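Down below is the structure, laid out as structure tokens.
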Amino acid sequence: MNINTSPDQIIRSSAQVTPGYMSGFGNSFETEALPGALPIGRNSPQRCAYGLYAEQLSGSPFTAPRGTNERSWLYRIRPSVKHSGRFEKADAGLWRSAPCHEYDLPIAQMRWDPTPVPKEEVTFVQGVQTMTTAGDVNTQAGMAAHVYLITKSMVDQHFYNADGELMFVLQQGNLRLVTEFGRIDAEPGEIVVIPRGVKFRVEIPNGPARGYLCENYGGAFTLPERGPIGANCLANARDFLTPVANYEDKDTPTELFVKWGGSLFKTTLPHSPIDVVAWHGNYAPYKYDLRTFSPVGAIGFDHPDPSIFTVLTSPSETAGTANIDFVIFPERWMVADNTFRPPWYHMNIMSEFMGLIYGVYDAKPQGFVPGGMSLHNCMLPHGPDRDAFEHASNGELKPVKLTGTMAFMFETRYPQRVTAHAANASTLQDDYADCWKGLEKRFDPNRP
């Protein structure tokens, strides 16, 4: 190339045009569904190929530091101003946003059985049920923990969330998320993250689906620092998958739902908004298989802090204090010598919302089942139940592999307030605290 060569004259192989995914976390990706749809050497040419419109989607302020600056350039059939109309308020159902003070419940440790999947037809937008909220959606701080129940695919319906990014934690049933950036297929054991402002619809290819949904009002999820662990283990960047471009050119009416300022709005469009033919950038949806997480732990003695199981973190303005940590408890070996191996008894400045995707959780072998949930708020004590304590205190300390298990936690610096729905749910275990009743006084000053 000489100094007179324009970027459009550069010969190169086209960006990825085959169906599938691109590997990596936070990469600057590029992909096109039609050869040559992606401009070379510039973002906003005078005329885009194929008559497309160039549009930037910013996930951070323009002046954010390079390491946290997120944006993507989309080359679409219509600009997003054509994916808008006269909005009207829509029924949000059981979807709530922080601050939510609709129920004043005495402080307590709480646990719920799985929420039954309804028999009636329910789409994703209709099927979100909020369990807890924390922080304030209007200050972009905090989170909400939801359950989603889906028995019907969204057909000629789309949605985007202006209040935060969404993390789907699949528990039962597969999902297909058709997004502006491409298509994501996921199964239980995987998570999908949809950034703030990205349009999508949810389909269920194999029947009803249930799972957990974290709505992150704060900074985008990112990989945690590994510190002395080094360059490997935990969630490795190469295992995150971002979809390749895949567009629709459909001139059929569709409803667009938007969550904004804690409320739900809707409008009708004459066409599908899934019309991005090519894109490049680092602000995009992705999925991750939790079974590829490489855990680290104690190989001598003692039980390390659960932060070593952090998959993703949403940082706050205070170093080391997360807006949200997404933590999992996967299959792993327990080998510590002369050690109480389950999670220890604990009072925590952070607030913990837990769920179980499959298997048995070692600290609660009874009562905490797949699809269930628990809440241990700021400075409320929690820990193993009596059976877990007795087994761990008296069992033979040989190496044990915990298999077929996957629990998770949404941990936040903000107290989590339960919604009226969660407080009055028939699945709430009124006797949850009884799991610790059998813990007897064992103190004997005459027996060291």
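Backbone N, Cα and C atoms are what each Cβ position is placed from, and that goes for glycine too.
A 10 Å cutoff on Cβ-Cβ distances gives His303 (active site, proton acceptor) a total of 16 other Cβ atoms nearby, all chains included. When secondary structure is read from DSSP and collapsed to three states, His303 (active site, proton acceptor) falls in the coil class. What Swiss-Prot lists as active site, proton acceptor is His303.
Residues annotated as Fe cation binding site in Swiss-Prot, with sequence analysis given as evidence: His346, Glu352, His382. In this view, Glu352 (Fe cation binding site) is surrounded by 21 other Cβ atoms within 10 Å of its Cβ, with every protein chain counted.
On its own chain, Tyr361 (homogentisate binding site) has Phe329, Met354, Phe368, Thr405, Ala407 as residues at least 6 apart in sequence with a Cβ closer than 8 Å to its own Cβ. For Tyr361, His382, the entry in Swiss-Prot reads homogentisate binding site, with the evidence type sequence analysis.
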Sorted by sequence, non-His346, Glu352, His382 residues with Cβ within 8 Å of centre, Fe cation: Pro343, Met347, Asn348, His376, Leu380, Pro381, Gly383
Integer Å distance between the CA atoms belonging to His303 (active site, proton acceptor) and His346 (Fe cation binding site): 12
Distance from His303 (active site, proton acceptor) back to Glu352 (Fe cation binding site), taken between C-alpha atoms, in Å: 19
Residue among binding-site residues His346, His382 with least C-beta crowding, 10 angstrom cut-off: His346
